[in-house]
Amino acid sequence: MANRTDPLAKNIRGTNPQNLVEKIVRTKIYQHTFWKEQCFGLTAETLVDKAMELDHLGGTFGGSRKPTPFLCLILKMLQIQPEKEIVVEFIKNDDYKYVRILGAFYLRLTGTDVDVYRYLEPLYNDYRKVRQKLADGRFSLTHVDEVIEELLTKDYSCDIAMPRLKKRWTLEQNGLLEPRKSVLEDDFEEEEEKEENEGIADGSEDEKNHQRKSPERERERDRDRRRDSHRHRDRDYDRDYDMDRDHDRDYERERGRGRDRDRERDRDHYRERDRDREQGRDRERDRRDRARRRSRSRSRDRKRHETDDVRDREEPKKKKEKKEKMREDGTDHPDPEIAEANRLRASLGLKPLRP
């Protein structure tokens, strides 16, 4: 229940808002003590108090990849989905720099391209120092404008993949954004006005006209130069992005080949192991068959010997009984005629003749 998205929350980029954080990182956050104790039951109003207590930003750190409180609050904002006005107030907060970064990070994940440029580019003028926790658990010093630069130009920040952002000059060409105006441009214009006033007081009409026209040309030239610099920077970013994508593609292809080799090696190993096991089973089966045949042969030999022993013991007894029978019926009489007569009498059931 505590990890479910608000039922009234809308899908962001066609998916559940919490899915903008990768599943492994999301699971780490769900298991962290800060999420269970400090983020339970937070609303858009009470989340401000937790954001004001932040003293550093960062993603995951340490060997077990523990999430920072900053990352836990980002996921909590994705879960409850505060209104856009509240997020804009976070960004415009000048008193608490970590609240400002929290709102900017959330808007970078969920906002449109126009809103991202409109609300995050003014933060380039915030040069306050902030602490960032690195992956090894140590802290490093950075600045708010550097964090905003990372959000607008990098693909990953705080172990979260940033959604694809359109180029600024593309939005300018489509009329969705005005050309970026630097905050120092007003100072430049004031200096140019001062120089122009001095020229009016000291010089002739030609010099006045020249100085009146030259600031305008300089301003136009500066605007063109800044626009070109933005376009070059965007092109460099595209080129770096393409190079990184090609490198990632080559890396994935090489890793896929390595996995295929490992899989083939494992398959050969398992095939050889199965063949050895099959051969071992065949040898064991042959050994058992030989032992069974030897056992049967011994049993037959034993039975044959026992039969011979019984026959040897019974034959003398039969001969003896036969002799005694012949002696009783007189068929063994030494006189052949008497013996023949006794045999005839024995067949008739008569008593034998006695000499």
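Note that Cβ sites are derived from N, Cα and C of the backbone, with glycine treated the same way.
Automated prediction, rather than curation, is the source of TrEMBL annotations.
TrEMBL has this to say about the protein:
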- 179-269: domain 'Pre-mRNA-splicing factor 38 C-terminal' (DOMAIN)
- 182-355: region 'Disordered' (REGION)
- 185-205: compositional bias 'Acidic residues' (COMPBIAS)
- 206-227: compositional bias 'Basic and acidic residues' (COMPBIAS)
- 234-289: compositional bias 'Basic and acidic residues' (COMPBIAS)
- 290-303: compositional bias 'Basic residues' (COMPBIAS)
- 304-343: compositional bias 'Basic and acidic residues' (COMPBIAS)
DSSP-assigned states of the compositional bias 'Basic residues' (290-303) in counts, ordered helix, strand, coil: 14 helix, 0 strand, 0 coil
Local confidence of the prediction over the domain 'Pre-mRNA-splicing factor 38 C-terminal' (179-269), expressed as mean pLDDT: 66
